[in-house]
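The next block holds one structure in the form of structure tokens; read it before the comments.
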């Protein structure tokens, strides 16, 4: 018996495998899978419910319907296993073979497989070099195709219509062979000589020069080579045998009432079998050709429908007019096999319930209702009951649990102790959406959740539900405890900031207890310590906010981690002293009570009057930001354990004092400022005045609208300012009898000020005025809502308000779907990005500098390099070789402080993009694991983490495109630069000339003006437009507030670089120019006509201004032999006359800039999606393809010809540019490769091609960050870099070298690199390539793994391509492994896979292990069965 069980166990053992290969099935292979031919369309007998013989459910072919029982009932039970019944022919075995055994149908005529025919590009068409239309005409019997031309003048695969065929027959008889239908295509495919074709095509490729021909040949060549390498034969794309799916995978279930529920596949198979049998009969009867042909066509159509219904023609529908679900539909889409059953499954041992607050829980606990726990832990309880001897059998244990006996609860307590459970809240947008807790049993039916983890789950208690899962195995429990416990997930993986941060009530409570109040009860007391402070407060002798002196003992952490005690008397408040009781040892008191920085005058006053110490108490209370910083500091200094305890204590304390504070919202808290009436009246008067101006025609409608909106916007600002001043400050007399100002104790103000709830904007709507509202299309309604919510709205105001509210709801719904889809694409592209090695040894990296926009540092260097590994030694500024930080060092907080102290302003750090690991990434290039704070571990799935970090805040982003108009566009037209910092000027990429006033005039496009401080750090940077006049010199010192540059924002000047006399060319009045006189000033100016406006005589002319000297000779531009001449584009205005003298740096002409109207700026989610999809912008910036000198060639109707002549004498580059594009360059100007020639949004593809990998990475990272920064979301750059690395996975082959690659084909970079290393080692020529940027969808679909790609999108296309190419899936990524049902090669699975591979390698080395041959195994099995057949088992 034991042997038998052993044998049964052995049966289920799976094979070890490393990769999965997909290919075409040959007819013989299909027959070898099959257990018999299905000959009849019958399914089951409607009376006996037994399957019909030879039918679709036949037991003889597919196996018995009942376990170990043949159909007629002659053989039953295990002892007859393997016997084949002589009456009904059914093998006695388990029913589950009906899920595995396949059948087949012998087709009477071959049929084409629709996937290889219709899936674009058509594989059959590509191989035969015929168009899809022609092939379809042959297949569906509309025309003949020549198969063997013989000695005739026909050609192989030539199409012949019916008449042509008959004519040819008359002329040549049976000299030639032509057929129609799939037989014809089959014969053509059989006739292909793959090797010969490949050879001729490679020769063709070497000879041809035409691009289209190359492309076509390359495609065909790749397909042919794929066939050759994979061992597939082209004729297998035409089927002569059709496999039949095992019946249990297409079940037929009898419903009550004698009807059946059936899978659509059965209908489709029945159709095929019926037509096939009819065709066989017709062929036997030798029916007329036309009937046979029709039947063959119908057979082809029914096979098409079975494989992929609806791919060709109309889909076959069932009885209910719904298209039938074919085999292809079974695997694709959200409901298909991949996404429904393989990537996500429902699991056992889980339950869900509503959540409520558990304010008394510790951070690692959750409250689990007893009822749920009993159900979830049932098997454990049964086991315990049995092992204790309290129940004899499982049945008895079950009864006890059902009766809920007292002993059961005790056992449940034991079972649950230290057994973590997982809590999950949908939608799980990032990994913190599932965390582990230790359950504590509670009464009631709701799960209790710790308030601090709500932020990570994005949960609230308005009816949210959560699911509980029980990790069963020891390993699972271990992982839950070590990796997923809520106490181990204090930092957010997206930004490395704490995510366990108190919010709402807790913040309010802590804020309230750390506030100081003037003249509170007990002001001026001196207390012995925090304990006494608490006693005094509890006894009611002092108020929580009283300013007192307290003796505080701090423990300061030294460099060697030892603690030093320091006690001193501090000026503080009672509340802060009480709060210091929960500070972990090693954190200084200043973290919760920052000492006030006194001015010199205040210090002198304090020295003179010591009793004034009350005023030196800091008036800063703990807000949300400070609390977050407090926790962060605690984590970095004290470590995990202290932080967890501290966070819990903060929460309890916060709740306690929030309750005591009694902060509430009353209508009287919304104080309306007295100034509101006057401000509104003044605004209304201004609006009336503008209306009068409009009616008298002084301003246009547009100007009136914009001005009105400006007026109301500023009125709103003034009202809200008055309101906030009113709310936020109050004056009071202190114990010394002096009046002092303090922050208000108004409840509404406190809630907003602490960061607990609400914001200034919301208070403004309550107590100020609601302000301007937008229409649904985004334009602003010019009459604002002057009322606020306290005063109440009238009907019209209420109606206007509904627009915004409704649009908000609609947006949210859209946003959620779009954001989810973006996350899905990101996960899919990055899923195989895992840390696979410790160090790849590269010296490459990205240069990091602080991000500066205008005068503001948006992101300091410290935040950008923290947690990165240095790629190059950081040299101390001002020295030649003093190394601050050596390369390959991880920059932690201390080292970043060091860099800041030494004012380093650029660091080269390693990055995922420059990592040289072939598959995955190395730990050093990634840097710190943000959620843990140390160097990332091997096996960390950084790709998925990156995708989640970018996708999770997606729902917070807006969906809208911003219309910049009205109030906002004022800022756009800047005309000067005022510096905000004191320092020295530095110009970068500047070209300039000195004008007559000896000021610098900028003559280059990409000039940046930066302000450096005395340490050489960049403080701010500004872009200078062409033609701006500088008030300062390079290197000059400036102080904050100085204006350093001016320009005219509305026109674009053309600046002279030399002095001379003007000479006009081709400037003929009425032909190329016209004169206009200004009505106000009476001055006349010359305006150049646009090409379209000129008479035909002037079309070819190019109006030019030349500079000549006194003798009329051309003046040269200094340093070149190019004459100084300036071509004038259309619409240019010239204010000087012919022959006028000009100096250096003067403007000879001005080009009016169209005020760029209300441009739509794509913002929010769509912008992020565009960047990651690497979409080409509508009108991208035009970049210089090579470095050289600009000139303009012959113009065509709507375009200008731009010519760049390289300085080093290479080939000239020409490009046609539409006339309406505003060019930034003039004739004779020198440009560098990649410089912007015409403004517009830059295309990432151009940046990569012309500037390289590093700039494109920076561009995408900065653009994505801009969107998130606007919403206040912090994401580390690393995550974006990981995604960009995946977008740069592919390259285009420029020259193949000695590899077997084809020029112009797109291949994974890793594959080329591996091949090249091999070639270089052998001394051969490696291939050269250039990187290409792919959007995330395209990158996901073109990954090496076909399983991963097929489960993402376009399943049919991916699988078709993979099958034809005979692709192997190496199962490297996470998705593939989930689908084949293995541990993923990341995290703990990384180690498992390594161990597996090593074990196998060791087994392979230990040769000489006796291997059992198949025959021996069979013999052993037979012996076993005979042995076990001797006894019968009940």
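Here the Cβ of each residue, glycine as well, is placed from N, Cα and C on the backbone.
Here is what Swiss-Prot says about this protein:
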BINDING   70, 72, 85, 88  Zn(2+) 1 binding site
BINDING   460, 462, 464  Mg(2+) binding site
BINDING   840, 915, 922, 925  Zn(2+) 2 binding site
Chain-internal residues, separated by at least six, CB under 8 A from residue 72 (Zn(2+) 1 binding site): 85, 87, 88, 90
Under 8 Å by Cβ from residue 462 (Mg(2+) binding site), same chain, sequence gap 6 or more: none
Entry from the binding-site residues list 70, 840, 925 having the most other CB atoms no farther than 10 A: 925
Binding-site residues listed as 85, 88, 915, 922, least Cβ neighbours within 10 Å: 88
Most Cβ neighbours inside 10 Å, all chains, among the binding-site residues 460, 464: 464
Closest of 460, 464, 925 to residue 70 (Zn(2+) 1 binding site), Cα positions, binding-site residues only: 464
Chain-mates of 70, 72, 85, 88 with C-beta within 8 Å of site centroid, Zn(2+) 1: 71, 73, 74, 75, 86, 87, 89, 90
Top Cα neighbour of residue 464 (Mg(2+) binding site) in the set of binding-site residues 840, 915, 922: 922
Pairwise Cα distance for residue 840 (Zn(2+) 2 binding site)/residue 460 (Mg(2+) binding site) [Å, integer]: 45
Alpha-carbon distance [residue 925 (Zn(2+) 2 binding site); residue 460 (Mg(2+) binding site)] in Å: 38
DSSP three-state assignment for residue 915 (Zn(2+) 2 binding site): coil
Non-site residues, in chain order, whose CB comes within 8 A of the mean position of the CB atoms of 840, 915, 922, 925 at Zn(2+) 2: 837, 839, 842, 910, 912, 914, 916, 917, 921, 923, 924, 926
